[in-house]
Structure formats: structure tokens, C-alpha cells
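Here the structure is laid out as C-alpha cells; the discussion comes afterwards.
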Amino acid sequence: MTESEIPKEYNASEVEEKWMDKWDLSMYHFNWGEDPRPQYIIDTPPPYPTGNFHIGNALNWCYIDFVARYKRMRGYNVMFPQGWDCHGLPTEVKVEEIHGITKNQVPRAEFRKMCRELTAGNIDKMRKTMLRLGFSVDWSNEFITMDPSYFVKTQKSFVRMYNKDYIYHEEHPVNWCPRCETAIAFAEVEYETRQTKLNFVHFDKVDIATTRPELMAACVAVAVNPEDKRYSQYVGQEITVPLFGQKVTLIADEDVEPEFGTGAVMICTFGDKQDVRWWVKYELPLIKAIDKQGKMTKAAGKYEGLSIAECREAVVADLKAAGFLYDQKPLEQNVGLCWRCDTPIEILSEPQWFVKIDNDAILKAADEIKWYPEYMKVRLQNWTGTMEWDWCISRQRIFATPIPIWHCKKCGEVMVAEESWLPIDPNEAAPKKACACGSTEFEPETDVLDTWMDSSITALHVTGWESEHDLRLPAQIRPQGHDIIRTWAFYTILRSLALEGKRPWDSIVINGMVLGPDGHKMSKSLGNVISPEEVTTKYSADAFRQWGAVGGSTGSDVMFRWKDVVSASRFLQKMWSIYRFSMSHLKGFGQEDAEKFQKDSLHIIDRWLLSKLNRLVDTATKELDDYQFDSTFKAIRGFAWEVLADNYLELVKGRLYGDDPEGKRAAQYVLYRTTKTLSLLLAPFIPFFAEELYSRLSDESVHTQAWPAVDESLINEEAEAAGELIKEITGEVRRYKSELGMALNAPLKKLEIYNADIDTGDIAGAANSKVELMEGAPSFEYVPVEVKPNMGILGPRFRKDAGAVVKALKAESPAAIEAQAASGKITVNVDGKPIELEPEAVEIRKEVISGGREVDVLEVRGAVVVIVR
């Protein structure tokens, strides 16, 4: 195949479209049967199907695909499943918007159907993007959490954990979003610093400071520090709450900070978690002043029906009018927000379903898992250490997995579904047996499960839990973002331990977030959002994947920059040019020829390259084993561009175009081995490009090939040292030609090399010169031939007379000026007057004479190169 038969420009869109059509995706399928290969199951994150497979998703899936493709090549039976985490509030809100309804205006089943239809369409859109990016997903193991085949497992896990006493139902303070009208877990609370006011209020015996005056209606005690002498005389006495009139006790507790505000604080039900702690500790009464919609209740008296903000404003005004409010000060406060809608959360006491948390067991399991990077484990440890409440798993929504529970109307007992009844929606089907009290009348549980109850069993699902297959837990790896360590990672470990008593995975690899070109988190409001489709349309999927590979080390945040994609696209063209050149010289040379080739006919520079190539394979293997994608790809790119293209190809052109068949054969062998190996090394990262290269070398897919093995016999330090010297000598000769304005292929009469025992053939070809290795030391005579005045010194000193000084210098012989300079001063006559100059005022150009010839001399790492022009 000649260069003219291969297009000069690499057409990425054409190549990628071709292979998307040609690839048989069954080559990515996991074998559930007996298989001699070790399993490698990936607990893939199931994204929320918004219809937009955003760039953060795409980066994570690049990482997953790098691993999946690499592990297949390493001989593993790989499962790269694809899941979709369907349930949740955003879909409900979108359905209401699309259909112009609220969820309560249509039957529950009809609303769920609308949600399912929207979700199915969104999944189709996202699936197309994933295919376009070349992800080697095992679509035979796709799962969709809203499908009965999946949520039956969610329900089954609930039933088993309930029967094992992991799950319970009781009224308890919970985080509540008034806008979403649902409970949320602590892991779903995000915090933001906001400005508020600290209000100073007279009570009848003490003054308190509060940021929540609207909660005075729910004040059940006042607390001070026992060491605070200002209030010690009042501890145990009753105090009347202004405006609302209830009498509360003043208690002493060590958690009160005397320096904050007045040193006296209200205990309300509930302003924050500290209120809950005190409420439990002192068995205080419960006053519900805020309802589920964020409105004030009857307990607030005349403020009933007001929103929280309206009530706060009204109470402050009334306190001021009555003379109770005596000061207000600005305060920065960390406010807990709902992760979905950014509404400040409230803590309400509501009956909910909870999962018990065993912090010690979770920490022990986390220690059994290998974390990449290791420091990310600290995030899980820190989060676990702050857990005070059990996991609230019930939600007051519709589009989610139904809780398989009924409540007996007669005795109030809970009826939990039997596993054989599942999947089931208790709002659509009654229990298949009577209650223990004999009653057959039940109230269905209308709450649904937290979506994390669906996604926290993905590790179980993909390893065959409750299926026709044998359980293969633990999975080998969980790839995920650092933002969901406290949710998805935490809950998955909890559930795996509760249901199977095992860790969910052997390893967890954490990826960072994608930042916009401006360095900020991508958001529509900032106008810095880039979609994967935008990149693939403008450049290519392989260019996008390269950006993902080199953007940052594992766990770090990655900035999207167009210049990185441009650089990636240039590398594809560079590799294509390397391949095009190589293939033009491999006509008639294939795998059979490579197998028959006798390696003892290799030149030093061939051994140098093959040694470097095998070191590259060794490095890439070790780095990928540690999920270091950036360093792996940079090493491959550096080898291809700097070692192969910039040096080896230039050095062997003489042999490839020459008439030495044995030397040419050796170069062909190296080109074949190197091109094929690079195709394999690039396959996990840029699968379309690698397939295009490999298809010209083999009828098989590169993605069904084994990862290249390191040939230790070809790693040769002596060859590398000699090759480096050859490379550097050739580089210096090329630089020499460039500085003289010569063409790089311009002929030189001869190169004489001293102090080097190297193969000169490839230097001769690259330099277009005869080359001789010389014995002994070179003998040089340096003859001064020109005096160059330093006008930087002469100009400022002599000004208008500088020309006369230059003329006087030129009148002297270069040898005479050199001799004077050696003595420390130079004297010249200008208009009959002697002028003294420092040696730095001139530069003496010398010619090098060797053997009676004018030559140029280069020194390269101890070797001396004499150039005869």
C-alpha cells in the first residue's frame, strides 16, 4: 500500500461513522456461563435520564470505558452494564409542566404512566450519545430502575431488611423540603452561607438571641451554659415566651456557647439538629408550628397560615412594637438547602420509614475496599463520623418504587408484602391474606421509596442478585463522582452488608467534576456549558475521549478547554501521518514476515526503539492497573510523537528508501511491530482511530485482541544509551544545517565521529553524509579569521567616533587582536592616538582546521563530531 492510496488527511467523522455501523456490539457481552477468564464486573453509575447526557456524565463514562476495554484486552470477562436511575422529583415536575397539570389532578397510575413515557424517550436520546462516543457498553445487561424487573428487587430488598429489623417506621424529626413537600435524607442537604439577622429579645428573666423568631411559637425551653454566672440564679425557673405566652423552663447545658449572642438560646421544635438533641435529652414537649407546606399552624396563633418568611417579618414587627426586640445584628449563617430546589429545609416531626445505620460496619467495609485515589476514603469516613440519625427512606411523591406495605384499619398493624407478591403497588392491589387480627381492611402505604433505595442495590443487581444466575458479589469496581460518596457509595455499602454481609466492590475509582472553560462549574446561567455532541460534531468522539484521558489525574476536577480538543485532533492527524508513512513501506510485509524475522539483524537504532516501545508497554500496563489514565495516554502520545515520528522515522528513511534489503527488512519489522503495538495501546482510549489503523494490519477487530505483552528480551539499556547518542548526534547535525540555512536533506561531504562506538549507518542516511568512526583524539587548530566589534560597548563609549574605532580594529589582523585580548587589553590607533579597549569589546571568529581542512565541530555527550563541508 503506497502513501497515495491512503488519504493524507484523517477524516474522523467518516471513520467513526463507518465503525459505528460495522461493530458487532455482542463482542462486549459478559458471559454468565462457565468461563476460564476472571470476572471483571463494573458497578456502573445509572444516570438520571434527563435526555441530556452531559459532559460530566461523558467524562465518567470515558473513564469507565478505558477500564472496560483495557480489562477485556487483559483477558477478563468484563461486564460494563448500563443502568438508568429513573425515579425522582425532576421527572414529576417536568411531566406537570409538559401536560399543564399537577400530580394530584390525575389518577396516580396515570401520572406514573406519563412519567414513564417521558423517561423512556429521554433514555433513547442519551443512549444515542453514548453510542456516538464509542462506549463499549454491554447492552445485554442494561437495567432501568422504573421497570418491574428491577424495582421488584428494590421491593424485595426492603422486605428482607424489614424482616431482619433493619427498617422501622416511627414519628421522628426529619429534614423536610416545604417546596417539594417531602422528607429528604441528611446526605441530600446542601449548605450555603447566607446573610441573616440575629434578633435580641427580652424574655421576663433573661434575654435571648435568635435567627428564627417565627419559631418562638414552638419554644419549649431556654438553655444557658452551666458555667455562665449571669444566669445561674435562674436555672430551673419558668420563663414566659413573649407574644405567645407559654411558660418554659430555663435549663443548663454544656453545649450552649456563652459567647454567642446573649449566651441564652431558645430550644424550639425544631430550628436545627441541636434542638433535636436537646429535645430528646430533656424529654421536652413537641409543638408543631410549621406544616408540610411551610405554613404556620394553629400553634402560631394569629400568625396561622402565613409562610415562614411572612411570619418572621410579622413577629419581628410585633416584638418591636411591644418593646421586646431591643437589637438586631447582621450574621452570616450556614443554611441547609434542598439539593433539588435550593429551598431552605425545615426539621419537622413526621412518621417516616428509616433504615438503621451501623457506622462501624460501614467503616470496616470501606477499609476492605481499595480507593483510587486513596484520600477519597477520608470523605466517606468523615461523613460516617457525622451521622447521628438513621437514613430516612420514605418520600411523599408518586414516581418512585412503591413501599410494599399496608396498614390494618382495625388494629393499625403493618402488613409487609411477601416476596411472592412482588412487584406490587399497595395503592393498586390489596394484601393476599388477612391481618393477624382477622381484618381484611387495609390502608395502603402512600409514601414511596427514596431513589437511593433503587440505586444502592446496583452492585447486587449487576452481580446477579435474585436472578437466574449465581451471585458474583463483590463487583470488581465502582466508578463514580466524589460528589456522591456520601450518598451512593455510603448507601451501597450499607445495603450490601445488610443483604449479603459482604462489601459491594473490590475497588472504587473516584472522578472529579468538569469545569467550564472559565474555570467555574458548568451552568446555564454562566453560559459556560459545553455538550459532548458539540465536541463530536466539531471534532470527533476520539478527540473528546483524549480530552477526558489527559484532562487530569484520577479524582481531580477537569477543566474543559477547546485548545485541548484541538491538540487531541492534531495528535490524530499526526498518528495518521505516522501510520500513512509506515504503511507505504510495509507493502508485502505482514504478520508472517514479522514472526519469521531474525532479530539479530536489527540495527542499534532499531533496538533502541523496540526497547523504548517495550518500556512504554510496561509503563502503560502499570499505570492503567492503577487507573492513571492521564499519565498513560501522555506516555503513549509522547512516544509516538517524539520518539517514533521525530526521531526514529527520520533515522531509518535512508534504509527504507535505500538499496540495502537487510537493513530495510529490519526497519520494516520495527515499523510493523510498533504500528501494531500502538494500535493496541491506543484502543482503550481512541477506539475508532485504533480500529481504523488495525484494520489495515489484520482482518480482526483491535477490540478482540490481547493487550501487548512486555518482551523483556528487547529491553536493552546499552542499546538505549547508544540509540540516544545516535539520536542526539543526528539532532545536532540537523540543527547545524538549520542555523546555516541549509535544507535538512542537503548533503555534507563527511562526518567524522570521535569517542563513540555506535552504528553509523542511520546517521549517514539521516544526515545525507558519509560517516566515519575515528580512533584517538581529534586534532584541531583554531585560526582567528575575523574581528567582530561589540557595538553594545563601543557605541555608548565612543558615540560619533565609534566608526573610526571599528575601522582601526578591522585594520589589524585577527591574530594580533586575539593576542592582545589574551593579555587583558587591546590597543588601536585612531587618528594617531592610542585607544585602549577591554577584551569584551570584540568577538574573535575562528575557523577550525583539522588535517589541513576547514571543518565545523559539534560536541554531543562526550562524542566529538567533525563536519567536513
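Each Cβ is built from the backbone N, Cα and C atoms, and glycine gets one as well.
Small disclaimer: the values here were computed from a predicted structure and weren't measured.
Cβ contacts within 10 Å of Lys524 (ATP binding site), excluding its own Cβ and spanning all protein chains shown: 7. The feature ATP binding site is assigned by Swiss-Prot to Lys524.
On the 0 to 100 pLDDT scale, the model's mean across the motif ''HIGH' region' (47-57) is 93. If you look up Swiss-Prot, you'll see 47-57 marked as motif ''HIGH' region'.
Away from its own ends, the motif ''KMSKS' region' (521-525) comes close to residues 54-56, 513-515, 560 of its chain (Cβ-Cβ under 8 Å, at least six residues beyond either end). Taken from Swiss-Prot, the feature motif ''KMSKS' region' covers 521-525.
With a threshold of 8 Å between CB atoms, the same-chain residues lying at least 6 positions outside the motif ''HIGH' region' (47-57) that come near it are 84-86, 88, 90, 119, 121-123, 125-126, 129-130, 481, 513-514, 522, 529-532, 560. Secondary structure of the motif ''HIGH' region' (47-57) per DSSP (helix as H, G, I; strand as E, B; remaining residues coil): 3 helix, 0 strand, 8 coil. Counting residues of the motif ''KMSKS' region' (521-525) by DSSP class, helix then strand then coil, yields 2 helix, 1 strand, 2 coil.
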